[in-house]
There are 2 protein chains.
Amino acid sequence: MGWGDLGVFGEPSKETPNLDQMAAEGMLFLDFYTASPLCSPSRAALLTGRLPVRNGFYTTNGHARNAYTPQDIVGGIPDSELLLPELLKKAGYTNKIIGKWHLGHRPQFHPLRHGFDEWFGSPNCHFGPYDSRERPNIPVYRDWDMVGRYYEDFKIDLKTGEANLTQLYLQEALDFISKQQASQQPFFLYWAIDATHAPVYASKQFLGTSQRGLYGDAVREIDDSVGKILKHLQQLGISENTFVFFTSDNGAALISAPKQGGSNGPFLCGKQTTFEGGMREPAIAWWPSHIPAGGVSHQLGSVMDLFSTSLSLAGLQPPSDRQIDGIDLLPVMLQGKLTDRPIFYYRGNELMAVRAGLYKAHYWTWSNSWEEHNKVMGIDFCPGQSVAGVTTHTQEEHTYLPLLFHLGRDPGEKYPLSFASDEYQRAVERISGLVQQHKASLVPGQPQLNVCDQAVMNWSPPGCEKLGKCLKAPESDPKKCSWPH
Amino acid sequence: MGWGDLGVFGEPSKETPNLDQMAAEGMLFLDFYTASPLCSPSRAALLTGRLPVRNGFYTTNGHARNAYTPQDIVGGIPDSELLLPELLKKAGYTNKIIGKWHLGHRPQFHPLRHGFDEWFGSPNCHFGPYDSRERPNIPVYRDWDMVGRYYEDFKIDLKTGEANLTQLYLQEALDFISKQQASQQPFFLYWAIDATHAPVYASKQFLGTSQRGLYGDAVREIDDSVGKILKHLQQLGISENTFVFFTSDNGAALISAPKQGGSNGPFLCGKQTTFEGGMREPAIAWWPSHIPAGGVSHQLGSVMDLFSTSLSLAGLQPPSDRQIDGIDLLPVMLQGKLTDRPIFYYRGNELMAVRAGLYKAHYWTWSNSWEEHNKVMGIDFCPGQSVAGVTTHTQEEHTYLPLLFHLGRDPGEKYPLSFASDEYQRAVERISGLVQQHKASLVPGQPQLNVCDQAVMNWSPPGCEKLGKCLKAPESDPKKCSWPH
């Protein structure tokens, strides 16, 4: 989902009354970022509080490449990483993930081996359907075992866009919350829905209800579900004791527009890029009687802050034996304090850009290659947008003379500041210092997204025997994964 | 000002608390349009309730050209046009215009000859400073007489952007409202401020206060002033008896960005164009205890509706001897009723595009000419945006096969519908009918913006003798005005 997909962020159809209401009752973050312009690395960052380059969710197969976790990926979340639910357990929390895990699908990466107590959802994207010979359909798990596969047991109608998955995920959430409330146990719910990811889907009752087409139907269903979850918390009397945060793992995928792609509002480009459209996210915090209603914050925030903030809420300290990139947002939300901190925009293992205050310096620019762009059904991460020297189709290095934008005057990254200006000199000097400091202390993790192997796909997930859904894996043939952008 | 310039419309710096509050207390129009992508024609349409092609505010000097009222223009608002204040007089209203008139500066076009009782402001844009030989500075009037000139008596510092004009206009507004309230007389105030028009300006206390630079400072001062006007109405106890509407006369001028140009949010291009960025406007209606607080409307609205709506509020009927393009929005605002009506996008005398429901058909596309575009400091009405076959730099006719967009799925006008689709056929058939009907009944007015003459400039406005500010006009030498875009 993109920054511009909510009514409260200026989506012109204004079809998200529940999320808009959540913002009115809580705090809106206007300058909130994900940790990568792509799904898996962002999610790994959310749960570890660490940049993908530290936690291993990147590739070195090419320069500045986006990589994720398709089902032939060999890697996943390393055991050495400490995930938020692992830490919350120490404070007595029961942890559940509903929806897409995306941190690796092989047994050692299973969410219940990394701190979660319950899981309903899938390890990978809901791509498909597959033929079960070349490629198995993606499994859906309940806890340790798979309970079916997409397109077989969990239908997604690619023609109509109908699928009831968001309703299933909603019911799971409501039930889990009820159960935790009944047992008076604290809980962490990671509600990782994926209806706005292509192939976009919505339940029957939402199909055709949006002015925005199928994508809008999916947004409406998510909006409706969020409303129901918040209401449930209120009805159970635990809303003042429950912190809720809504955000997204990357900007709207403009390559999927107009039918399956959302909006990044006034920002440049979308998913896969390190322009604002790729990484600036809708973000709303909600905690009645604690976070002041109707608050708006310009704190530079990150999904990684949810790690530190959640620990803080649980009275825990973040691990001290490793670099944590997240910061505790409680002082921002409860006392309106602002913390000066940079935002790092990575693509793979390359630091593409850095934001400090209102300035953003690009050290590398790239949208996608000419080769991809010029294909007949060309891939274009910036459709309809073209800023000379900025949305480049070759990887352009600006290390020694970064492209600098002032995001207040120029949120769309269209007008680089003059290299000769005092303003440029001052801002770049400051950002260069931050970069130096960052790079000096950076210990990259073992890259997890380099090796692919058809043998590791979801042929025979645990529980497949009971369902008669085990498939035969081909022989192992590990290869370097191909990451074209 | 552009659609995306207010926080409530998703401006990412969110610096318009008063306008956002006005929306929260009133009704937000998300699909509200001006009548032309340029200032003078839009303002003529607002005050006459009629399209510029009817009221004469267009040119035939070139095909599909934008024209306005610089000080060498010979034409202006024809006597045959009935202006809103002329009509409101019949219901006992006192009418005041504060700010930019723009409907002609020669004596016969003076606002006090067209229904206004009071005026403080200028007839033309605040361009300058001029040398008083080749070109006089623009006068500022109080009622019938000029009281000074821009840059001479009413300072605008082009270096710092400082000018206290918005404060003068604010005080004028507050005083007028107080006076009317004291005398228990109904009033119409046309508060036509121009701080966001290049050269953009703000008062000292607002300079440097915005994240968005000088343009943002100007927006903040306007926002602050609107807040003060609304508060004044409340303090005088007449807010429930006063209808207030906020909108703009054209989209943000992206040619002036980033320093002097605003934001059209997710929409395509800006001022001067008939894409959404050129004509979709921020719009807020406010009338406590009548218009429900927090309302949002998708009614296709137009500045011309303010003519009909205002008459309706005053218990008057619109003139029946001519075509009125505005509709009465009271049923929309008070009862939530929606009226199906088209929006016509003109450039000069050419119908460029038509919106009906969520569909928009382009019969002509043009951004600006290659000639203008390719100059070194090239003029570009769509900076950073380029949609093949849409943001064309030649005038492209699509009369027999209009380009069709679905503004719900594709508000940015990037993905024309397939000519072969049923959806295309159905929508174009419907819109073609509307166009046929529109064109069949169209009686164009005498074009007012064809002839320019240096002799008609503001050399010796009424009152100049008293100030010793009369200048000698050159000999009359009428020529066809040049309208390059």
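Placement of Cβ uses the backbone N, Cα and C atoms for every residue, glycine included.
A:C39 is the residue from A:C39, A:C464, A:C470 that TrEMBL records in the Ca(2+) site together with A:D249, A:N250. According to DSSP, A:N164 (N-linked glycosylation site) is assigned to coil rather than to any helix or strand. When the recorded positions A:C39, A:H102, A:N164 are ranked by how far their Cα is from the Cα of A:N250 (Ca(2+) binding site), A:C39 comes first. A separation of roughly 20 Å, to the nearest angstrom, links the Cα atoms of A:N164 (N-linked glycosylation site) and A:H102 (active site). The CA atom of A:C39 (active site, nucleophile) is located 6 Å away from the CA atom of A:D249 (Ca(2+) binding site). Of the chain residues outside the Ca(2+) site list A:C39, A:D249, A:N250, A:T34, A:S36, A:P37, A:L38, A:S40, A:P41, A:S42, A:R43, A:S248, A:K271 have their Cβ within 8 Å of the site's Cβ mean position.
In the three-state DSSP scheme, A:N250 (Ca(2+) binding site) is classed as coil. In sequence order, A:C39, A:S40, A:R43, A:Y68, A:T69, A:P123, A:N124, A:C125, A:A192 make up the list of same-chain residues 6 or more apart from A:H102 (active site) whose Cβ falls under 8 Å from its Cβ. The Cβ of A:D249 (Ca(2+) binding site) lies under 8 Å from the Cβ of A:T34, A:L38, A:C39, A:S42, A:R43, A:L46, A:E281, A:V303, each of these being in the same chain and 6 or more residues away along the sequence. When Cβ atoms from all protein chains are considered, those within 10 Å of A:N164 (N-linked glycosylation site) total 19, not counting its own.
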